[in-house]
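**Student:** OK, TrEMBL features for this one:
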| type | residues | note |
| --- | --- | --- |
| DOMAIN | 34-285 | domain 'Aminoglycoside phosphotransferase' |
| BINDING | Asn42, Lys60, Glu114, Asp115, Leu116, Asp249, Pro250, Glu251 | ATP binding site |
| BINDING | Asp232, Arg348 | substrate binding site |
Amino acid sequence: MSNSSYHVLSELEIIEYVRKIPGLFSENAQLICKEIGDGNLNLVFRIIENGSSGKSVIIKQALPYARVVGESWPLTLDRARIESEALMIQNSICPGLVPKVYHYDKELALTVMEDLSSHIIMRKGLISRNRYPYFAKHIGTFLARTLFLTSDLALDHQDKKQKVVQFINPELCKITEDLVFTDPYYDAKTNQFNPLIKEVIEEIWGHGELKLEITKLKEKFLTHAQALIHGDLHTGSIMVTETDTKVFDPEFSFYGPMGFDIGAVIANLLLNFCSHEGHTLDQEERLQYQDYLLNTVEEIWIVFEEEFRILWKGKASEPYASIQGYEDDYILRLLQDSLGYAGCKMMRRVIGLAHVSDLESINDPKLRAKGERLALAIGQQLVLKRETAQKIGDLTSLVRYVKNQEVDQD
Ligand SMILES: Nc1ncnc2c1ncn2[C@@H]1O[C@H](COP(=O)(O)OP(=O)(O)O)[C@@H](O)[C@H]1O
Ligand SMILES: CSC[C@H]1O[C@H](OP(=O)(O)O)[C@H](O)[C@@H]1O
């Protein structure tokens with residue numbers, strides 16, 4: 001099975017392949033396969049057993065290029081290894097919060113994993129203004145556990161360095177370096193934006209102080225091997241039901257700054273917050289849903305901090321972890337980094353390549369521009385003011401203040 005050389009599998013080949021994996025389906029099972037991928041990079045197949053067993057699995061196969069662009073954008077197949085190995089680590093640290101991995105094939109660059117089709121992509125749920133009462137608890141716990149337990153705070157420093165090597169992921173990191181930190185801040189060919197907000201974007205391109213702060217955040221992304229981060233933790237990488245949360249698609253994983261993951265979650269909730277300015281809905285309903293989103297951001301941080309401090313007390317192996325003031329200082333720096341990365345991730349989704357459907361689903365460009373302008377205003381302030389934040393309430397107050405300036409004064 002793992003001696004075959006790489007080729008892109010057809011749906012029929014996928015069925016033959018999955019049949020041979022022990023313990024998944026019975027030999028004579030009638031299997032149906034469909035390619036369901038809608039992401040930017042890979043193929044995703046769903047295989048279901050026809051009949052009453054209800055058994056199904058997902059096979060995700062990496063292409064030797066980025067799916068969204070085609071063969072002109074070659075991309076390493078090693079990302080499939082990174083993804084499956086990151087999922088296995090996350091499974092051991094946070095069982096139940098990520099899909100189970102059944103099989104990984106290095107030659108074919110594919111992973112066989114748990115089918116989460118009973119869940120929906122969280123971004124879609126938020127666009128429909130659904131509420132997820134357990135999400136903050138789940139994602140706050142996921143962030144605290146995956147970040148703390150893979151860091152120098154918990155691991156032997158030699159073992160941690162081995163993990164840094166295991167997760168060297170230069171090609172995928174380059175995508176982030178370019179698309180998040182570089183291209184949106186000049187007139188790059190990759191950028192795609194609503195022409196109605198060109199004047200705001202030109203102001204950003206000319207904003208020296210902002211570009212300096214973005215460059216500092218980029219430098220930290222390049223150099224700060226703090227923990228094994230997911231690396232692309234947007235709401236399209238999370239599937240939910242009302243009571244369950246699963247984080248998937250960690251192919252951008254590498255040893256990077258913890259705040260990048262926390263900031264990604266916050267940014268995507270805030271992008272959804274901004275999108276409701278452009279969606280046609282009753283003002284009261286809009287305000288209530290926006291409040292729900294800001295409360296969720298606060299709750300995520302509160303759960304994260306609580307869990308992180310529990311781990312600090314019980315699982316820290318770093319001998320200086322108990323140095324007076326270190327824990328508080330570490331957590332404050334995480335908060336400030338999270339604001340900064342949230343700001344970067346909001347702006348990239350409005351100016352750069354790869355937008356979010358929260359905003360893109362607003363058909364009228366004028367209405368979409370309202371949400372996009374707000375996202376750019378909040379994003380800039382999060383980057384510029386990040387070091388003034390002392391508590392999570394400072395972030396949500398800043399968002400409310402900017403919204404008041406940008407929208408409510410119109
Ligand atoms: N384990 C899974 N269970 C159910 N659906 C999945 C699973 N993994 C991926 N998908 C579906 O495939 C889509 C693309 O998967 P994703 O991992 O985001 O691919 P890409 O790496 O190309 O972005 C997801 O949006 C989701 O609809
Ligand atoms: C051409 S890669 C652009 C963008 O796509 C990735 O997201 P996903 O694979 O989840 O759709 C990642 O965010 C990259 O920055």
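Counting begins at 1 with the first residue displayed.
Each residue, glycine too, has its Cβ placed from N, Cα and C.
TrEMBL labels come from automatic prediction, so no person has curated them.
How about a rundown of where these features are and what they're close to?
**Tutor:** Under 8 Å, Cβ to Cβ, and six or more positions away along its own chain, Leu116 (ATP binding site) finds Ile58, Pro99, Met239, Lys246, Phe248.
The Cβ neighbour count for Arg348 (substrate binding site), using a 10 Å radius and every protein chain shown, is 25. Taken residue by residue with DSSP, Arg348 (substrate binding site) is part of a helix.
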**Student:** Do you know offhand how many angstrom separate Asp249 (ATP binding site) and Asp232 (substrate binding site) by C-alpha?
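**Tutor:** That comes out at 8 Å between the alpha carbons.
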**Student:** What does the structure give for the C-alpha distance between Asp232 (substrate binding site) and Asp115 (ATP binding site)? Integer Å is fine.
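**Tutor:** Asp232 (substrate binding site) to Asp115 (ATP binding site), Cα-Cα distance: 20 Å.
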**Student:** Let me spell it out: for each of the binding-site residues (Glu114, Asp115, Asp232, Asp249, Glu251), count the other Cβ atoms within 10 Å of that residue's Cβ, using every protein chain shown. Which one has the most?
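**Tutor:** Output for this query is Glu251.
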**Student:** Taking the Cβ of Asn42 (ATP binding site) as the centre, count every other Cβ atom within 10 Å, in any protein chain shown.
**Tutor:** 21
**Student:** Sort out the sequence-distant neighbours of Pro250 (ATP binding site) for me: same chain, 6+ apart, CB within less than 8 Å of its CB, listed by position.
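**Tutor:** Listed in sequence order, they are Ile82, Glu83, Ala86, Leu87, Gln90, His230, Gly231, Asp232, Ser237.
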**Student:** Fill in the CA-CA distance, Asn42 (ATP binding site) to Arg348 (substrate binding site), as an integer in Å.
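**Tutor:** Cα to Cα, Asn42 (ATP binding site) and Arg348 (substrate binding site) are separated by 21 Å.
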